[in-house]
Amino acid sequence: MTRQDTATPTGSLSAQGPSNTGYNNNPVPVPVITQTNSRDKWSKKMDFLLSVIGFAVDLGNVWRFPYICYQNGGGAFLIPYIVMAIFGGVPLFYMELALGQFHRTGAISIWKHICPIFKGIGYAICVIALYVSFYYNTIIAWALFYFYSSFASVLPWTNCDNAWNTENCTNYFLKDNVSLLVKVSKCKHSTNVFFLYRRNVLEIHKSDGLRNVGGVRWQLMLCLFLIFTIVYFSLWKGVKTSGKVVWVTATLPYVVLFILLIRGATLPGAWKGVVFYLKPKWEKLFETSVWVDAAAQIFFSLGPGFGVLLALSSYNPFTNNCYRDAIVTSLVNCLTSFMSGFVIFTVLGYMAEKRNVNVEDVARDKGPSLLFITYPEAIANMTGSTFFAIIFFVMMITLGLDSTFGGLEAIITAVMDEYPDYLANRRELFVLGLVVVCFLGSLSTLTNGGAYVVKLLEEFGVGSSIIAVGFLEAIAVSWFYGITRFSNDIKSMLGYSPGLFWKVCWVAISPAFLAVIHKSDAHQVTQSD
């Protein structure tokens, strides 16, 4: 990766694309980025698309969307979700892809060409990405621990004879014990998988909370080391290598989701779960919180503001159709979230059928608990449970790795483009140093109380911060850089200007969309305090 050259106003992009007549009438010299031939480029268009899809489609699509959907009106929730995607999420997604492709530089140095006073946004993006790497990869390490534990003829969470179980463990896998099935459905904290997750994977019972997180779990540290080793060798050579890796990590989850969907649809009680998932509650549409949840879900799902889209699109050809890319990848992301709901709720319907209870009695978990407690319980009841457990946790690992690739690439591209004189020919060493920093920063999440640290970083290190960054980015581009100039940039790449809809969204609707989410998120944090 080489340094970026700047040129004073010429009305063109140094032979990289069509002339940009939008700059001709500007009396103030506007720096325009040019790209040297030695800058990395995607080998194939699909490398880029799979990288973007892999980043956007992550664990949250599987554990958050289904829960948010049924909590906020089932099928009725799709209306605010689609509306917020059209007017908020997709325009911001398109904006970032266009910015990165036109200026061809990372999240820090791009601001000296847009509005230098906002350069702090680039540094904020890098800091937030570091916070994410400190806890997100730990969740992948938990999945790797489960993956290893699944290589057994009998899954370890199907009985109460393990060292980590207590006298409160109830084995509802006894097929002829109907009373125990009902008992367990009423108390979610007595199942085998609960003890595996809490007392064997996390060992959270040895911690008193954030004031005393305990020692580091060496088993999890080994899992995390393996995860970061994969990450390093996927990123060390740039998009030439990561673009090949995502052909596996971005496509494999869809193969597994399809297998689990087919299996789930054939289980008794599956239809009960689907009805619970999609049954519309139209009265929910009149609640403001439902619309705010829809906005937050689409924002965090598509991922504008994290600097990843800027970084990935900066390696595109100048005339690449980023508009089409934004529509296609956004659509794939939303459909994946919707499909994941069927994968989850067909299995929850099966669990309800087995226990002879309502689906709502087994659908109380959300977040990591859904993936590490509820779903493994259901898998253990299936024929061929070992196979389904293995592919399920492989899917979780690959979903997480793709997002990690994107997050760290955002930091790598931003820093290397900002300091090309020092880092241009030292990418391998820089990536190694970054991975080591991320590994060391993650150690606190590998302790007995690491789950508390994960929650702390997720709630206070990323949530409100990234929404504020996205809001400032949208304001800086639309109001300071100027929507006319930005539209002319897009015209120079695509040959046509964006329509009135996109301009209105960028100037007014999308910033308002982010302001509402940020206000709601800040209010929730205040209430939790």
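Cβ coordinates come from backbone N, Cα and C, glycine included.
Where the annotation comes from TrEMBL, it is an automatic prediction and has not been curated.
Listed features, source TrEMBL:
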type	residues	note
BINDING	GLY54, ALA56, VAL57, ASN61, SER301, ASN333, LEU399, ASP402, SER403	Na(+) binding site
DISULFID	CYS160-CYS169	disulfide bond
REGION	1-29	region 'Disordered'
TRANSMEM	48-66	transmembrane segment
TRANSMEM	78-99	transmembrane segment
TRANSMEM	120-148	transmembrane segment
TRANSMEM	216-235	transmembrane segment
TRANSMEM	247-271	transmembrane segment
TRANSMEM	291-315	transmembrane segment
TRANSMEM	327-352	transmembrane segment
TRANSMEM	387-408	transmembrane segment
TRANSMEM	429-454	transmembrane segment
TRANSMEM	460-481	transmembrane segment
TRANSMEM	493-517	transmembrane segment
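Feature map: TrEMBL annotations on the structure.
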| residue | record | Cβ neighbours (10 Å) |
| --- | --- | --- |
| GLY54 | Na(+) binding site | 28 |
| VAL57 | Na(+) binding site | 28 |
| CYS160 | disulfide bond | 18 |
| SER301 | Na(+) binding site | 22 |
| LEU399 | Na(+) binding site | 26 |
| SER403 | Na(+) binding site | 25 |
Cβ pairs under 8 Å between the transmembrane segment (216-235) and the transmembrane segment (460-481), at least three: no
Considering the transmembrane segment (327-352), which listed stretch of 48-66, 78-99, 247-271, 291-315, 460-481 counts the most C-beta pairs under 8 Å: 247-271
Chain-mates of GLY54, ALA56, VAL57, ASN61, SER301, ASN333, LEU399, ASP402, SER403 with C-beta within 8 Å of site centroid, Na(+): ILE53, PHE55, ASP58, GLY60, GLY303, THR336
Recorded stretch that, among 48-66, 120-148, 291-315, 387-408, has the most CB pairs under 8 Å to the transmembrane segment (493-517): 291-315
The transmembrane segment (387-408) versus listed stretches 120-148, 247-271, 460-481: most Cβ pairs under 8 Å: 120-148
Among 48-66, 247-271, 291-315, 460-481, stretch most in contact with the transmembrane segment (120-148) (C-beta, under 8 angstroms): 460-481
Nearest of the binding-site residues (GLY54, SER301, SER403) to CYS160 (disulfide bond), judged by Cα-Cα distance: SER403
